[in-house]
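A.B. asks: My structure is below; once you've seen it, I'll send some questions.
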Amino acid sequence: MPAAAVQEAVGVCSYGMQLSWDINDPQMPQELALFDQFREWPDGYVRFIYSSDEKKAQRHLSGWAMRNTNNHNGHILKKSCLGVVVCTQACTLPDGSRLQLRPAICDKARLKQQKKACPNCHSALELIPCRGHSGYPVTNFWRLDGNAIFFQAKGVHDHPRPESKSETEARRSAIKRQMASFYQPQKKRIRESEAEENQDSSGHFSNIPPLENPEDFDIVTETSFPIPGQPCPSFPKSDVYKATCDLATFQGDKMPPFQKYSSPRIYLPRPPCSYELANPGYTNSSPYPTLYKDSTSIPNDTDWVHLNTLQCNVNSYSSYERSFDFTNKQHGWKPALGKPSLVERTNHGQFQAMATRPYYNPELPCRYLTTPPPGAPALQTVITTTTKVSYQAYQPPAMKYSDSVREVKSLSSCNYAPEDTGMSVYPEPWGPPVTVTRAASPSGPPPMKIAGDCRAIRPTVAIPHEPVSSRTDEAETWDVCLSGLGSAVSYSDRVGPFFTYNNEDF
């Protein structure tokens, strides 16, 4: 049927064709009583008036593939036809129809669609554009005015009809269902195979029967390998080796006779000495191992200092300094002059004075005269009322320095005692003056008694030649205090200078 005849038949049947109006008129017909039926495939120069309640008209629905086009009038919606996508081989479907796909609205999607193969014959696809409006695409116009929606088409489609939008949606949904039915069993089989593999991998250990009597098997741990359950070697606690300061038992101690040497010296060890504090409230922070001295069996160690007639081992010392060394890297005294004294008191300390084999270090040739001049006592006793026994260095009147040895010419106000003489101290807490009994050997002089506190001054010793930085660290004193509540060891450097070198005091 010719297009003019179709247009005439549609125009005769259309109510909108009976009225004279154009989509661009400023004033549209008003008070409309009749409306046209919705047309999905309008073709040619036609006009329709739809009711504003028509759902398809509200969506601007059309069977042709139409896209929105720019329009300067905001009240008028302009759409143009895209054409149709067909197979290049003009293949036919099983029902005998031709493949005529609906072109995609988006430009990029339309280009991708053209690169795809024909779903029927897998040949190439091509787009047939619409040129039905004087060489341009057929244009449709939509306008809402009052209670009516006005539609006007310009041009005749010169291409076959594509799939309608409803048909395209139905086809796509069918394809999706088909693909889902194809991939769902495959995914299910993949999941089942993965589950079987997991069961197989875990089945190696699941087939092992459990132990019937686990208590029959004993676990033997290697004692040489440190484990969390086995404590690692650590520093011994101080309260284990704490010496009780019992006055009754302390009075029964007696020193063995001292050993006599031809050349009395002060033997100081090269490595630093460490002392264990007898107070359980402090922990040992010294990097050196703790040395414990047993009164019954004394090993040959480097903790003993031989001072001609007195050898002492200090187990109570400063709680702030777990370890101090008598010899630093330059073999000098570690604390320097001017430093604050380290005076600490402990509740359970013990001062032991007994003989042991001295440690000889040839790098420290320190000696002093063994036979002092008459009238110069070796030890000066000072009696006080605080029951404090301290040994301090006595300042000599003169001292001569040589390359390797400093010798003391005279020791004034000192009493010399034989080297084989033992001494026992009998302190009494907070009572009358204490007496110090000096027990003599069979060949020594009779014991002497000293009332009150015993304050002994040790002789000044000579230190080998060292740099100035180390010589300034050579003035220290030891104060050993005994009281009724405990003992105190004071490592004091507050004494004035007693070494003289080149008319300079150190």
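Glycine is no exception: its Cβ is also placed from the backbone N, Cα and C atoms.
Okay, so Swiss-Prot annotates it like this:
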type: DNA_BIND; residues: 19-174; note: DNA-binding region
type: BINDING; residues: C81, C130, H157, H159; note: Zn(2+) 1 binding site
type: BINDING; residues: C87, C91, C118, C121; note: Zn(2+) 2 binding site
type: COMPBIAS; residues: 155-172; note: compositional bias 'Basic and acidic residues'
type: REGION; residues: 155-213; note: region 'Disordered'
type: REGION; residues: 379-395; note: region 'C-terminal conserved inhibitory domain (CCID)'
A.B. asks: What count of other C-beta atoms do you get within 10 angstroms of the C-beta of C91 (Zn(2+) 2 binding site), across all chains shown?
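C.D. replies: By my count, 15.
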A.B. asks: Let me spell it out: for each of the binding-site residues (H157, H159), count the other Cβ atoms within 10 Å of that residue's Cβ, using every protein chain shown. Which one has the most?
C.D. replies: H157
A.B. asks: Excluding C81, C130, H157, H159, which residues of the same chain place their Cβ within 8 Å of the centroid of the Cβ atoms of the recorded Zn(2+) 1 site?
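C.D. replies: What remains near the Cβ centre is W64, L82, G83, V84, I128, P129, R131, G132, P137, V138, G155, D158.
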A.B. asks: Neighbour count first, Cβ atoms within 10 Å, every protein chain included; then name which of C81, C87, C118, C121, C130 tops the list of binding-site residues.
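C.D. replies: That would be C81, with the most Cβ atoms nearby.
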A.B. asks: Measure from the Cα of C121 (Zn(2+) 2 binding site) to the Cα of every one of the binding-site residues C81, C130, H157, H159, then give the nearest.
C.D. replies: H159
A.B. asks: Would you kindly give the Cα-Cα distance separating C91 (Zn(2+) 2 binding site) and H159 (Zn(2+) 1 binding site), rounded to the nearest Å?
C.D. replies: 17
A.B. asks: Could you round the CA separation between C118 (Zn(2+) 2 binding site) and C81 (Zn(2+) 1 binding site) to a whole angstrom and send it over?
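C.D. replies: With the alpha carbons as reference points, the distance is 22 Å.
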A.B. asks: Do you know offhand how many angstrom separate C81 (Zn(2+) 1 binding site) and C87 (Zn(2+) 2 binding site) by C-alpha?
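C.D. replies: So the Cα of C87 (Zn(2+) 2 binding site) lies 19 Å away from that of C81 (Zn(2+) 1 binding site).
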A.B. asks: Cα distance, C130 (Zn(2+) 1 binding site) to C87 (Zn(2+) 2 binding site), nearest Å?
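C.D. replies: Distance between the two Cα atoms comes out at 17 Å.
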A.B. asks: Where C91 (Zn(2+) 2 binding site) and C130 (Zn(2+) 1 binding site) are concerned, what is their Cα separation in Å, rounded?
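C.D. replies: Taking the Cα atoms only, C91 (Zn(2+) 2 binding site) lies 21 Å from C130 (Zn(2+) 1 binding site).
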A.B. asks: Provide the three-state DSSP residue tally for the compositional bias 'Basic and acidic residues' (155-172): helix first, then strand, then coil.
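C.D. replies: DSSP classes over the compositional bias 'Basic and acidic residues' (155-172) add up to 8 helix, 0 strand, 10 coil.
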